[in-house]
Structure formats: C-alpha cells, structure tokens
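Sharing the record's features from Swiss-Prot:
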BINDING   Ser17, Gly18, Gly20, Lys21, Thr22, Cys23, Thr40, Gly66, Asn121, Lys122, Asp124, Ala152, Lys153  GTP binding site
COMPBIAS  178-190  compositional bias 'Polar residues'
COMPBIAS  193-202  compositional bias 'Basic residues'
LIPID     Cys199  S-geranylgeranyl cysteine
MOD_RES   Ser178  phosphoserine
MOD_RES   Cys199  cysteine methyl ester
REGION    174-202  region 'Disordered'
MOTIF     31-45  motif 'Switch 1'
Amino acid sequence: MAKAYDHLFKLLLIGDSGVGKTCLIIRFAEDNFNSTYISTIGIDFKIRTVDIEGKRIKLQVWDTAGQERFKTITTAYYRGAMGIILVYDITDEKSFENIQNWMKSIKENASAGVERLLLGNKCDMEAKRQVQREQAEKLAREHRIRFFETSAKSSVNVDEAFSSLARDILLKTGGRRSGTNSKPSSTGLKTSDKKKNKCLLG
C-alpha cells in the first residue's frame, strides 16, 4: 500500500505567550478560530497534508508555550524541526522586540540551516498596531527570511505563510523535480482568495 504522502515536515511555532500561535495552528489545520484558548501548557501539534509542486506534504505543526518556565520543554522540540515560524503580535511591541531572543534560541538549539519564517499576527487589529510593517520587513531582510502579516481570526495569509515555508523546505531537501532554486513568491496551496487587504506578504 502506497504512503498517503511523499514527505513529512516538522514545523515549530515559537514566540511570546499570547501572540496567537495556537490560533494560527488551529486556523491552518482545521480552518477554525476560537479566541478563548487558554495559554498552551507544554506542547501539542496538529497535522495537515498539502499539495506542493506535485508532492503530497504532511505538515506536523508543533505548538509551544511562550512562557520562559517552559523553555526546557520547547528546547527539546527544536531538534528535528525542518521549519520554524517566529510569531509576534502587531499590537504588542514587546513581542516583536523579543523576536531577537527567539532567533538566538533557534541558533542555539535548532539544526543548522533550518528554514525560518517571520509572522506578524493579528493584522486584523490595525487600529491597535504598535509594530510597523516596515520594522518587520527590515528584520526579515537582515535575517534573510520571509515575512508575512497574518490574521488567524480573519484567515488572512495563514495558508499562504505555511505553504511558503513548506515549499522552501521542499526546495532545500531537493524535493522539486525541475526549475530553479530561487524562492518563489507564489504559494502552492489551493486556497480561496481570502482577504488580503492590509496584510500582504513581504
């Protein structure tokens, strides 16, 4: 019996507590949103299989607690992660400032060359914005990683962001059969044309 997928990629979401990591995962895996999630205790993961470049990719997306007291738990889960998504809240400047600390944590604990992605979540709350888009774009350029503004609540750019990271991992692992290795700006998930008014990819 043939496998139901061609590749299995482990992804990890990290960032401060309250930035919306769990909501992003639920939106991506189940296309659902619930604003009343309690703060994640320990680690949980969701699975979704997507089609990218003609390949069936099984994405195992791990949620982590942002609180420092759980750091010993999350450190172990960096190992084996092929992609890491750094999440901050556009309405919380401190969560953006702490991205540098999370970058350092990746460097100390993750595999060398792991694919990274920066997400500014809650872009539906424009009136409460504390982190300007240009600030995040600059940080992403400095670290040579992709950047999206997302909204788990409005489903803005969520599929696009996960698909982008999965595609980059596929390219790096040689899963693509033809074409160049330049990072494409388009994504491979078949999704409806969701709202993209204020939260465009960088």
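Cβ atoms are placed via backbone N, Cα and C, with glycine included.
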For Lys153 (GTP binding site), list the number of other Cβ atoms lying within 10 Å of its Cβ atom.
18
With DSSP assignments reduced to helix, strand and coil, which class does Thr22 (GTP binding site) get?
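Where Thr22 (GTP binding site) sits, the three-state DSSP reduction gives helix.
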Across the motif 'Switch 1' (31-45), what does the pLDDT come to on average, as a whole number?
74
